[in-house]
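Okay, structure first, notes after.
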Amino acid sequence: MGTSSKTEGPSTPALRRDPYEVLSVSRDSTDQEIKTAYRKLALKYHPDKNVGNPEASELFKEVAYSYNILSDPEKRRQYDSAGFEALDVDGMDMEIDLSNLGTVNTMFAALFSKLGVPIKTTISANVLEEALNGTVTIRPLPIGTSVSGKVDKQCAHFFGVTINDQQAAAGIVVRVTSTAQSKLKLLYFEQDANGGYGLALQEDSEKNGKVSSVGMYFLHFQVYRMDSTVNALAMAKDPEAAFFKRLEGLQPCEVSELKSGTHIFAVYGDNFFKSATYTIEAICAKSYEDTTEKLKEIEAQILRKRNELRQFETEYRKALARFQEVTNRYTQEKQFVDELLKKRDSIHSSFTVSRPANHIDIGSGLSNGRTDDSKVYTTGEDGGSDGKDKPTKKKWFNLNLKGSDKKLG
């Protein structure tokens, strides 16, 4: 399937090449051979090592895209059978787009997780390369102990955690804390075929109160991490509904258990301007059975709540649209009522003695044959004459009513 085709995806190469050709591997290569080839090429074209080189950036992207296909058994099977046309291009574009998010100084990891999902990180190429070459210094971290230290910015301290069968069966937790609230990463490395160590997992520290911390939990059941990139994506799409996206970043960790033997972890200084102080500890979960169950239960509750929020978001949006509708109607109805009452007040004000100049007064409207002495005249404010020779104003109760010889008093 060495054909190439164009794609409009922003993070895929403009002209796709055969992924086997890109990674320089044969079609019958094993998963480990593909992973090893990818790691070498990703380091070769890593942005850290090719600053200001757009060609290297495109090659890095092409290598990542090719590995994304060949590292996933289903995608590889689809490609082998029908080429690029058989793949879900949109979905793949999204996965690679996630690896390209970031700000100044954000680099890309030179490895992918076991599931083939790209890892965005600020880990320097030097750290990754030294690990892959097996030239890093590894300090022992026995189970049940802790080690404190200070790591320079963009550097890493490596630790070897050796566990026996009983400890592996009980579960292992590795945690890093910093009372200085330093920004850290906890890294987990796999043994590479060439004797070095390839990055397999990473977790970013989070501030919690006066301490920053990060941990990995290998407890024989599915544990989760909070992927802030996913949260940022969801919130950017709809800031007004950001609350509903807070749990969307909860992603399953790729490794849920460790076998007996020595496992390599590293504390990476993620501060940009200063070194990071830390304490790392390795714990066997056998002494924390209650805590383990609590973690399992609380994450199950979070997952249930996430599903509830997804449903509630639909209800909320419908209610919000309805609220907007009734709010608009409220505004319209209020305006209409104000106009009605205004008209009513205007009609009320028409019932007044003070008539317009062209209005026929009460005297001229009578046809009872009475003389002009029944006309109504206005007087001055003092009740007397306004200075002209006018008859005295007759009050309404002094008018003779038709058919009556009696004046009303």
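Going from the start of the chain as shown, residues are counted 1 onward.
Glycine is no exception: its Cβ is also placed from the backbone N, Cα and C atoms.
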Segment assigned the feature coiled coil in TrEMBL (from 36-77, 288-329): 288-329
DSSP-derived helix, strand and coil totals, residue by residue, for the domain 'J' (18-83): 50 helix, 0 strand, 16 coil
Rounded mean pLDDT for the residues that make up the coiled coil (288-329): 92
